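Notes follow the structure.
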Amino acid sequence: MQQKSSQSRGVLYDKTVPLNKSEKHLINSAHLLLIASRACSSQNKARFFLGGWCVWVCVCVWKMRLFVGLYQLSSLLYLVALAGCEEDYTEDEEMILSLIRQVDSRPVLESGSSAQFLRCTKDAWRIPGQYIVVVRNGTRDNQVERTARRLRVNAARRGYLISILRTYSGAFHGFLVQMSSDVLHMAVKLPHVEYIEEDSSIFAQGSPWNLERITERGGSFPNDGSEVGVYIMDTTIQANHRELAQRVMVTDFNSVPEEDGVRVHRQASQCDSHGTHTAGVVSGRDSGVAPGASVNSVRVLNCQGKVIPKYRRDTLSVFAGLEYIRASLQVQPISPVIVLLPFAGGFSRTLNAACREMVRSGAVLIAAAGNYQDDACLYSPASEPEVITVGASNAADQPLTVGTMGTNVGRCVDLFAPGDDIVSASGDCPTCFTAKSGTSQAAAHVAGIAAVLLKENPTARSVEVLHLLRHHAAQQVMNPEALPLEHRLTTPNMVAVVFKSPSARAGEALLCRSVWSKRSGVMSFDTAAAHCLHGEEMFSCSSYSPDGVWAGERIEGRDDQKECVAHNGVGGQGVYAVARCCMDDRVQCQSFASAHMGTEAKCPSPQHQLTGKNCGWAPSARRQLPRAGEVTGATSHASCCQITSSLECRGNEYQASGFMEQVEVSCEDSWTLTGCSGASQGSAPHGAYARGNTCIVRPSRGERGVAAVAICCRYPPPQQSSSEPGQEPGRQ
């Protein structure tokens, strides 16, 4: 047998060469010698000479059929020598010893089903041989440790050495392991394991501009962000800079990953550059959006602005950074608190889950969309719905483009903010300034605006902050032609601004937004689903098909499990589901189907208000949208919200007399669009969707007489009485 030399992979023998039972006994003896030698002090290692000599003799007399007896003798001598060692074994070594001594033919117990294995969407960012093992919710800490030990034992029995680099018990439960990819098939079979994710790098989204743009629509400076804590996960921050003096706390968390290559100049200004600039945009005395906000530096990026998670025991990760913030807030609560994530990496289910838990614990997380002119949904943490994701715009309110780079776009972006040529603090000296561009700077602007908002509304939840940011943003200022065609409808056309009166909740207006799903598959009746956030209520559901071939939509599920589901039609090229999600704790909405096919659905009682209509279509090649009240061949669904306050709703309809590329109808001032649908007497339109406070229906080519129907709701001013509850929306 020829031994394979591969220390980096931890392989003790060539697994491609089949072993008989005697050869496996030899490997087990070698394991006993290695472990025993490690456990004993140097003065006792001489006692192993005889045992090791016996193993060597076993090899020499192999063909003389004397192997088995000598193997047993050598093992006995090992145990005698081990008994003389002064040092005790660790719990892991005792476990490995006890299992290796067992007969090798005894099967390893594994769970019947395999856990899911996830890999980074960007090949160049993957870290081979390093994996995050995430266990199921409810798994105890001792079970996590037992799972890690079991993986080590199973790997050792097959000749592989692995290293458990870190365990996690905060935002998620699991551990980081360094091992050969050949061990993956064992890891996915372990009990309690939910999924395994290959480790990958994340990068700072560095790139600048002035404050006039976000205030010219009514805001003013100075803004007060005091009493709001902002944690910035970035490079180090130059705490003595004139812009940030006495407002920066450098925490004792300091992850300093190694830089790529050997020529990286790690001077202070390089290591401080990105973090100092970002902190200046948030809280700088002259260049900041919210002067006075306290900044807490949590370093997770190296001097290149990159996280390289080669997690040695003394090197921490972005996950550990989130856990550190979580633990710090438990020891010394700060409320309200914002966590700025000015970086992006490949899509990571684990990172998204950790961010989601941070939001649900009360923090507001704001992330850079990424600088790759790509779909933001392919990156993390930008793709997490609970995180407020920010794209970058330039001085003309257009999507940022810098050379071959540019802002990410798509349905995972919540809004845009200035990110081109932003002037802020520099790490070169305590009085220096510099200009940078990118979505990191855009996210820092929104973090500053959020700090101003939370100063006046300290109990606002993350979802409410999101709605207020979007409600006050400059609407429809970007040229849609500047966006990629496939993301033109799903990308929000709004740029963040500072509020005139941040203490007012938009005059107690009903706050709603549209949430687009990803496009469905092209198979007949493939589905797409859109979801609202925790704390939002789904007021209605619509769908849109680029080629006009679709089979209806409806709301499915109840309470927090609702989803807007759209169905692709026969021969269709995919469909989008569009949920209308509103921020309102005072109503509870349900979907009610019509009693018979071909009849119109209605709300069940006067205590309900109609907030949206849609059709759950029977399978057909194309959907034929009838006029309201004349539904045929389909089951109609009504979205009805139970009244617990003075909510009032009404319908607005506009019917085109001839052909129009799109038919629009809007809600008046003080009214909010909650439902959008279309009606046609001929071939099916492409669907209906909301853009701001306007309902849009796109007819099929040449189709005339298409109508757009908007349902508008509001909480009336105190001096006005609401309309009778449950009144059917009229047409205007």
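Each residue, glycine too, has its Cβ placed from N, Cα and C.
According to TrEMBL:
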| type | residues | note |
| --- | --- | --- |
| ACT_SITE | Asp234 | active site, charge relay system |
| ACT_SITE | His274 | active site, charge relay system |
| ACT_SITE | Ser440 | active site, charge relay system |
| DOMAIN | 130-201 | domain 'Inhibitor I9' |
| DOMAIN | 225-474 | domain 'Peptidase S8/S53' |
| DOMAIN | 506-585 | domain 'Proprotein convertase subtilisin/kexin type 9 C-terminal' |
| DOMAIN | 644-715 | domain 'Proprotein convertase subtilisin/kexin type 9 C-terminal' |
| TRANSMEM | 48-71 | transmembrane segment |
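Features as recorded by TrEMBL, highlighted on the structure.
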residue: Asp234; record: active site, charge relay system; Cβ neighbours (10 Å): 28
residue: His274; record: active site, charge relay system; Cβ neighbours (10 Å): 28
residue: Ser440; record: active site, charge relay system; Cβ neighbours (10 Å): 35
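As a whole-number mean, the pLDDT of the domain 'Peptidase S8/S53' (225-474) in this prediction is 85. Secondary structure by DSSP for the domain 'Proprotein convertase subtilisin/kexin type 9 C-terminal' (506-585): 6 helix, 39 strand, 35 coil. Taking the Cα atom of each, Asp234 (active site, charge relay system) and His274 (active site, charge relay system) are about 7 angstrom apart.
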